[in-house]
Amino acid sequence: MATAYAPPMASQVMKSGLACSKPRGMSGASLTRRPRFVVKAVKSDKPTYQVVQPINGDPFIGSLETPVTSSPLVAWYLSNLPAYRTAVSPLLRGIEVGLAHGYLLVGPFALTGPLRNTPVHGQAGTLGAIGLVSILSVCLTMYGVASFNEGEPSTAPVLTLTGRKKEADKLQTAEGWSQFTGGFFFGGVSGAVWAYFLLYVLDLPYFFK
């Protein structure tokens with residue numbers, strides 16, 4: 001007696017095809033690869049020391065203590081710079097910074113300027129140094145006008161990182177910054193004139209002039 005044959009439905013054929021389909025390469029193997037190496041973290045027996053850490057162990061200060069910044073030699077050098085000598089008036093600090101800039105700018109302008117091969121290269125270098133000092137003075141004035149308001153107290157902190165009280169820096173005020181800018185301009189012009197006097201009036205035996 002013959003049995004009836006029922007053809008499979010299309011959905012069953014599709015499911016069986018999807019179940020049997022696997023990605024195969026040239027050799028018929030699966031394309032997925034498993035890593036054959038294992039990374040292990042080995043704990044060192046020697047104790048490690050943190051070289052860079054927050055100042056005073058407080059991460060909320062927002063500054064880091066490194067072997068350079070915490071060195072007594074670096075602290076001594078920075079404390080002797082004019083910008084950090086709070087006991088000196090802003091006018092005198094500006095004069096000191098300006099003298100250094102004006103004195104050192106004459107040489108590069110005289111030796112590398114467009115008139116370096118002419119008899120007036122010294123005068124041209126001096127005028128170039130004075131011009132740059134004037135431009136820097138204008139920039140300092142613009143910074144002071146944009147950063148400080150007339151009559152407001154100093155924005156400098158009155159506490160050190162160790163908690164010691166100190167007097168607020170007068171440089172961080174509109175009046176103090178104005179004095180610093182005026183001192184910088186006067187010191188820069190004086191330094192340039194003094195360098196010209198030593199190089200080309202007294203005619204000292206400098207190697208470069």
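Counting begins at 1 with the first residue displayed.
Quick reminder: no glycine exception, Cβ is built from N, Cα and C everywhere.
What Swiss-Prot lists as transit peptide is 1-40, and the listing cites sequence analysis. Swiss-Prot lists 41-124, 203-209 with the feature topological domain 'Stromal'. Under the heading N-acetylalanine, Swiss-Prot lists Ala41. Per Swiss-Prot, the feature transmembrane segment maps to 125-146, 180-202; the stated evidence is sequence analysis. Annotation source Swiss-Prot lists topological domain 'Lumenal' at 147-179.
Mapped onto DSSP classes, the topological domain 'Stromal' (41-124) shows 44 helix, 4 strand, 36 coil. Taken together, the residues of the topological domain 'Stromal' (41-124) have an average pLDDT of 82.
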